[in-house]
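Lifted from Swiss-Prot, the feature list:
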type     : residues   : note
BINDING  : C573, C582 : [4Fe-4S] cluster binding site
BINDING  : H675       : chlorophyll a' binding site
BINDING  : M683, Y691 : chlorophyll a binding site
BINDING  : W692       : phylloquinone binding site
TRANSMEM : 70-93      : transmembrane segment
TRANSMEM : 156-179    : transmembrane segment
TRANSMEM : 195-219    : transmembrane segment
TRANSMEM : 291-309    : transmembrane segment
TRANSMEM : 346-369    : transmembrane segment
TRANSMEM : 385-411    : transmembrane segment
TRANSMEM : 433-455    : transmembrane segment
TRANSMEM : 531-549    : transmembrane segment
TRANSMEM : 589-610    : transmembrane segment
TRANSMEM : 664-686    : transmembrane segment
TRANSMEM : 724-744    : transmembrane segment
Amino acid sequence: MIIRSPEPEVKILVDRDPIKTSFEEWAKPGHFSRTIAKGPDTTTWIWNLHADAHDFDSHTNDLEEISRKVFSAHFGQLSIIFLWLSGMYFHGARFSNYEAWLSDPTHIRPSAQVVWPIVGQEILNGDVGGGFRGIQITSGFFQIWRASGITNELQLYCTAIGALVFAALMLFAGWFHYHKAAPKLAWFQDVESMLNHHLTGLLGLGSLSWAGHQIHVSLPINQFLNAAVDPKEIPLPHEFILNRDLLAQLYPSFAEGATPFFTLNWSKYGEFLTFRGGLDPVTGGLWLTDIIHHHLAIAILFLIAGHMYRTNWGIGHSIKDILEAHKGPFTGQGHKGLYEILTTSWHAQLSINLAMLGSLTIVVAHHMYSMPPYPYLATDYGTQLSLFTHHMWIGGFLIVGAAAHAAIFMVRDYDPTIRYNDLLDRVLRHRDAIISHLNWVCIFLGFHSFGLYIHNDTMSALGRPQDMFSDTAIQLQPIFAQWIQNTHALAPGTTAPGAATSTSLTWGGENLVAVGGKVALLPIPLGTADFLVHHIHAFTIHVTVLILLKGVLFARSSRLIPDKANLGFRFPCDGPGRGGTCQVSAWDHVFLGLFWMYNSISVVIFHFSWKMQSDVWGSISDQGIVTHITGGNFAQSSITINGWLRDFLWAQASQVIQSYGSSLSAYGLFFLGAHFVWAFSLMFLFSGRGYWQELIESIVWAHNKLKVAPATQPRALSIVQGRAVGVTHYLLGGIATTWAFFLARIIAVG
C-alpha cells in the first residue's frame, strides 16, 4: 500500500451562475435601485438615473458584488476601445490616402475622412496632395501604421476586422464573468498573483512580443521604405517571419540565429539593437533600432519584476509585509493598515492609479515632441500640436479624477476608529499646517508670477523697454533649466559614454534635423519669457492642488462642519438652518478644481503652441537658414499680458476667423459653436435654483390652463446638478474652442 501525502486543496475562486441573464430586467430603467425603478414622479428622476447607474456603491454594500460589477464593466470598456480602434483602421482602409502618403510623406498630408456632398459641405474636402481631396487628420495613425510595417490597405482591413472580433470577445467576457463564472472577492484581493500576472503578461510579454514584431516585421519594412522602395515591391510581413534568409540579407547577424545569445556574444546583435540617441535624419523620428532595444530591455525588466511576489510557492515579496515594514523615524506606524485600505476600497486604489496614470500621460505629452517616436511625425506640425494638447487635457482630467476618488474613499470607505498614527492619520492630523502653507505658496506664486507680467506691461505702456524683464534688458534667465539642458546635451561622451548623441535634440548642441525642407527638431533655447510663463505654470498647478487636496483632507470633517462625513460626498449646503456652508462638500472641491485644472492646462498648451511656432517649427533653405513660422517672436512678445493677447490669441486666431469659404470653414463654425456652448455654461453657473423653480411653476400654470400639463412634474435642476451641467459645458466649450483655434491655425500655416 502506498501512503501519499494529502493533495493540497484547490481553491475554487469562482461562483457558477450567480446572477441570471434577464433582458426583461435590463429593459426596466433604474432596475438597480428600488427608488428609481418605481418610475418618474418628477423630472429629477432622469438625473438620478444617470447619476446612480454606474455608482455601484449605491446599488449594494456587498464588496464582492461591487467588485464583480467593476470587473465586468472593464470588459465593456475594452470592447468600446476595440470598436473605436476598428473604426480608425477601417477609415484608414476605406476612406484614406494612406498608400499615397506612404509613397511621399513629406509632400502629401494624411487624410482619412471624405465629406459627402449634401448641402455643399464638400468644400471641407481640401487638397491634401497626390490628387486626393479630404479632411486632413492629425491623430498620428498614419505615422504609427508606417512604423509598425503596414504597407497596404488590405492589412488595415484585416486589422479592423480583427479588432471587431476582439470587441465581441470582450463583450462576451464581460457577460461571462458576471453571469456565468463570477470571481470571488478573494480573487480580486490576491494582489501578489495580480502583480505577477500583470507585470509578466501585460508589460513583460507585451513588450517582448512588440520587440519581436519590430525586429522581424517593422525594421526590414521600414528599411525598404526609407530607401524609397515602392511599398508594393516590399515582401509581406509573413515572408520576413518565415524566411530568415530575407532578414539575413539586410542584417547578416540573423544568419547565426540564437547562437550569439546563448554564447553571450551579444554585440553581434548590435545591428538592430542600438544605442544611438537623437533622430533618424531620413524620417525625423527616433531610430527604430533604439526603440527595439528599449522594448527588449523593458520586457526583461518586467519579466523579472513579474516573478518577485509570493504566491503558492512561498518565495518572494509579500505586499502586506513590505508596507508594514515601511516605517520612518517621523511617520509613526508608517504604512501599517494601508494594505487593508487598498484591498477593500477600490476608490483608494483607483485614486492612486489615476494620479500615476495622469502624471504619466503628461510625461507622454512632453516626450511626443521632444523624442518623436514615429517616422514623419516631427514634421507633421498639426499632429504634433494635437498630440501634445490631447495628452495634456487627458492628464489633467485623470489627476482631478484621482482627487475625486480619494475624497470618495475618505467619505465612504475610511474608518477612523481603526486608523491610529499611521501615515494617513498623521497627514489628516496636521492638515491645517499643510493647507495653510500651500495657501501661502499659492498667494506668493500668484502675486509674484503675475506681478512680473504687470511690471512689464506697465513699463511697455510707459515706453520704458530698458526697464522690462526681458532677454535684452533686465534678464531673468532660467539658469537651473539651462543647466539641466546642458548636462543632458553633454551626456554622450561623459555620463553616457555608449550613446552617440543625447536623448533629445531639444537639450542643446549644434544638431538640427530637417526632413523635406521642414524642421523636425532643434535645440530649444530657454530665456526670460520661459522663466515668466513657467512661474504661471507653478502658480496654476499649486492652486489646483490646493483646491483638490483641501477637498480630500477635509472630506470627512472641518471646523465649520464637524459632521461632514454624515452628509456624504456631494451636498449643496449644510441644511437650511446654517448660512455660509455652501460649496463645502468634497464634490464641490472637485467641481472647483476642474476650473483650475482648465486654467493650468490652457496656459501650458498656449505656451507650447506659441513657443514651437516661434523657436522650433519652420522651413529651412538650401543655404541652411531656418525661417520659423512666427519668426522667433516668443522671447520679446510673450513677456507682457498684452503680448499674449495681441501676438498669440488675436494674431493667430486670424486663420480660424477667416476660414469661411475654405476647406477649414468647419473649424470656423466649431469656433463659433464652442464659444456658444461655453457661454451657455454661465447660465447654469451664475443663477440659483430658486430662480428656475419659480419660472418653471409659471410655465406649468400655463400648461395646466391649456390642459397639456405632463404627468411627470417638472422640477428645476438641483444645485449640484446645475453645477455639474455648468462645469461640463464650460470645459467642453472651452476645449472645443481651443481645438478649432489651434487646428485652423496650424493646418493653414504648418
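The backbone N, Cα and C atoms fix where each Cβ goes, glycine too.
Because the structure is a prediction, the values reported are computed rather than measured.
Positions of Swiss-Prot features highlighted on the structure.
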| residue | record | Cβ contacts under 8 Å, 6 or more apart |
| --- | --- | --- |
| C573 | [4Fe-4S] cluster binding site | T581, C582, V584, I719 |
| H675 | chlorophyll a' binding site | G733, T737 |
| M683 | chlorophyll a binding site | G726 |
| Y691 | chlorophyll a binding site | none |
| W692 | phylloquinone binding site | A716, L717 |
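Long-range contacts of the transmembrane segment (195-219) within the same chain: residues 147-149, 237, 240-241, 247, 250-251, 272, 288-289, 291-292, 295-296, 298-303, 305-309, 311, 319, each at least 6 residues beyond the stretch ends and with a Cβ under 8 Å from a Cβ of the stretch.
Listed by sequence, the residues of this chain that lie at least six past the ends of the transmembrane segment (433-455) yet keep a Cβ under 8 A from its Cβ atoms are 427, 468-469, 476, 532, 535-536, 538-539, 542-543, 545-546, 549-550, 553-554, 639-641. Sequence-distant contacts of the transmembrane segment (291-309) (same chain, at least 6 residues past either end, Cβ-Cβ under 8 Å): 191-193, 195-201, 203-208, 210-211, 214-215, 219, 272-275, 316-319, 373. There are 13 other Cβ atoms within 10 Å of the Cβ belonging to C582 ([4Fe-4S] cluster binding site). The DSSP secondary structure for the residue listed as 'phylloquinone binding site' is helix. Against the transmembrane segment (385-411), the recorded stretches 70-93, 346-369, 664-686, 724-744 differ in Cβ pairs under 8 Å, and the greatest number is found for 346-369. Panel annotation: around the transmembrane segment (664-686), residues 121, 123-124, 126, 135, 655-658, 717, 722-723, 725-730, 732-737, 739-741, 743-744, 747-748 of the same chain, lying at least six beyond its termini, place a Cβ under 8 Å from a Cβ of the stretch.
DSSP classifies H675 (chlorophyll a' binding site) as helix under the three-state reduction.
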